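According to TrEMBL:
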BINDING   PHE45, ALA46, VAL47, TYR50, ASP136, VAL137, ASP138  UDP-N-acetyl-alpha-D-galactosamine binding site
BINDING   ASP136, ASP138  Mn(2+) binding site
ACT_SITE  GLU228  active site, nucleophile
Amino acid sequence: MEPVRTDVLTVTPWLAPIVWEGTFDPLVIDEAFRTHNLTIATTVFAVGKYTRFLRDFLESAEKHFMVGLDVHYYVFTDLPGDVPSNVTLGVGRLLSIVKVMKFDRWQEISLRRMELIQTAIEDHIHREAHYIFCLDVDMRFHGRVGSEALGRLVAAIHPWFYMYPRSQYPYERRTVSTASVPEDQGDFYYQANIFGGALEDVHRLTKTCREHLEVDKSVGVEAVWQEESHLNWYLVKNKPTKLLSPEYVWDDARGGKAKEIKLVRFSSVIKNKAE
Ligand code: 5GW
Ligand code: MN
């Protein structure tokens with residue numbers, strides 16, 4: 001057996017595992033999940049110019065994401081014609097396009113993503129999959145993201161904040177927002193670029209966040225990090241059953257220098273913000 005990591009936190013105070021390289025045996029965990037014939041729904045939004053990220057996202061996912069399991073990608077886009085049609089998908093892997101409206105403001109994407117995922121789970125995904133992951137598209141897989149990431153409610157620790165104390169986490173603090181987290185609460189700061197879990201649990205998460213986003217909007221409040229603030233509020237109140245280390249949501253802009261990061265599995269690409 002691989003030695004357990006001693007240089008990083010590998011279990012939360014509520015006894016949820018934190019997945020780092022060296023804490024699991026890929027062969028053993030794949031074998032344990034293989035016989036269940038699981039389908040993993042994977043939602044990804046590519047609205048407007050963000051369709052340009054789809055090819056690298058999908059090609060790298062085919063190499064590294066839930067390999068050996070059935071994966072059903074749901075690409076939410078306003079431009080179906082811009083979805084690359086010649087990405088070769090492995091056996092048991094499917095891609096569906098969900099047509100969405102063009103959004104006027106970028107904040108609108110953040111506002112609508114939770115709602116659209118909630119609705120898609122209710123409409124069809126609940127019949128089509130066992131687990132769901134919701135991913136940003138401006139990302140690329142570089143290493144294994146597999147069955148070790150499955151759990152009822154799964155979130156990833158933000159790569160810019162894991163070394164800081166709670167007082168430094170950029171939670172929404174204003175009590176006018178439904179995402180408000182008091183100074184004495186909160187365990188980790190999570191990245192919204194990847195979250196997932198069982199359909200029922202992720203449905204409850206998206207429904208609650210959607211409702212809170214709408215309440216805030218109705219009183220003219222926008223949380224400091226939009227849906228990420230609401231996700232964090234939810235995960236303060238509803239503890240995730242499994243946490244993914246920042247290996248699972250790195251940021252290319254951070255470089256690869258942190259010594260506790262043995263490999264980067266999934267990472268944000270550097271965007272040309274001016275575009
Ligand atoms: C465009 C301009 C500013 C902010 C967001 C967008 C945008 C986001 C867009 O035009 N189209 C789109 O599909 N998105 C979706 O929202 C993508 O799935 C994207 O990965 C996700 C989050 O937006 P990001 O990646 O720009 O936000 P950060 O915080 O990861 O940089
Ligand atoms: Mn992103």
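Here the Cβ of each residue, glycine as well, is placed from N, Cα and C on the backbone.
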Listed recorded positions with Cβ under 6 Å from ligand 1, out of PHE45, VAL47, ASP136, GLU228: PHE45, VAL47, ASP136
Could you tell me which of the binding-site residues TYR50, ASP136, VAL137 have their C-beta within a distance under 6 angstroms of some atom of ligand 2? ASP136
What are the non-local neighbours of ASP138 (UDP-N-acetyl-alpha-D-galactosamine binding site), defined as same-chain residues 6+ apart in sequence with CB under 8 A from its CB? TYR50, PHE53, PHE57, SER268, VAL269, LYS271
Calculate the distance in Å between the alpha carbons (Cα) of PHE45 (UDP-N-acetyl-alpha-D-galactosamine binding site) and the residue listed as 'active site, nucleophile', and round it to a whole number. 15
Spacing of the two Cα atoms, GLU228 (active site, nucleophile) and VAL47 (UDP-N-acetyl-alpha-D-galactosamine binding site), in whole angstrom, works out to 18
Same-chain, non-site residues whose Cβ lies within 8 A of the PHE45, ALA46, VAL47, TYR50, ASP136, VAL137, ASP138 Cβ center for UDP-N-acetyl-alpha-D-galactosamine are VAL44, THR51, PHE53, LEU54
When the number of other CB atoms within 10 A of each residue's CB is tallied over all shown chains, which of the binding-site residues PHE45, TYR50 has the maximum? PHE45
Taking the Cβ of GLU228 (active site, nucleophile) as the centre, count every other Cβ atom within 10 Å, in any protein chain shown. 23
Using Cβ atoms only, which residues of the same chain lie under 8 Å from VAL137 (UDP-N-acetyl-alpha-D-galactosamine binding site) while being at least 6 residues apart in sequence? VAL44, PHE45, ALA46, TYR50, PHE53, LEU54, PHE57
